[in-house]
Amino acid sequence: MKLDKPVPYNVTEAVHCVLEDFCSAAYKRLDIEIDSRSLEVEPADQADPCKFLACNEFSRCVVNSWTNEAECLCDPGYSTVDGLPCQSTCYLQPDYCMNGGQCEIIPGHGVTCRCPVGKYWHYHGERCTELVSVPLDPSLIVTCLVGSLCLVCAVIGVLIFINKKCVKTRKAVTLVSPDNSTQQDPKS
């Protein structure tokens, strides 16, 4: 219950009386002795609203300056769903990081994504959404060009060698006439 004004002193006294009656009834019926002098009753206007609010390890109690109500405020990287205790954003949103990125919580800073890295590319950005191509190394390009040129030269060399061999075998061929006489090829 919320009151617009501080709780009057006599209400605090009434609470003390109710507690004393409870203590004496507990002693009589349950054989439990409670020292009523050790019970502290804070006036409502001086009470700490966070005193009885149990926030979990990923949150802290704050007092709302507008309503003076206590509430649990989640640490960076943690959030709450439907008033439940604060949980990791990585747990609540398994697909928080895109393109295979790994979700991590950095204490005091919040959620971060460790983005995947390839040989000639990597993902970048808060949630690994930006693809960045790494420029090729100029020496790699030169090596590929020289290798390709050598391969082309080797193929041309093999073709020339095969062509010369075929030309030589044509020159050495002798023609046989139908009358079984041997004639030399006129080209020789």
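For all residues, glycine too, the Cβ spot is worked out from N, Cα and C.
Automatic, uncurated: that is what TrEMBL annotation is.
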With Cys72 as one half of a disulfide in TrEMBL, pick the other half from Cys55, Cys86, Cys90.
Cys55
Under 8 Å Cβ to Cβ from Cys72 (disulfide bond), same chain, six or more residues apart: give me those in sequence order, or none if nothing qualifies.
Leu53, Cys55, Asn56, Ser59, Arg60, Cys61, Val62, Thr80, Pro85, Cys86
Including all protein chains displayed, how many Cβ atoms other than that of Cys55 (disulfide bond) lie within 10 Å of its Cβ?
18
By the DSSP assignment reduced to helix, strand and coil, which category contains Cys55 (disulfide bond)?
coil
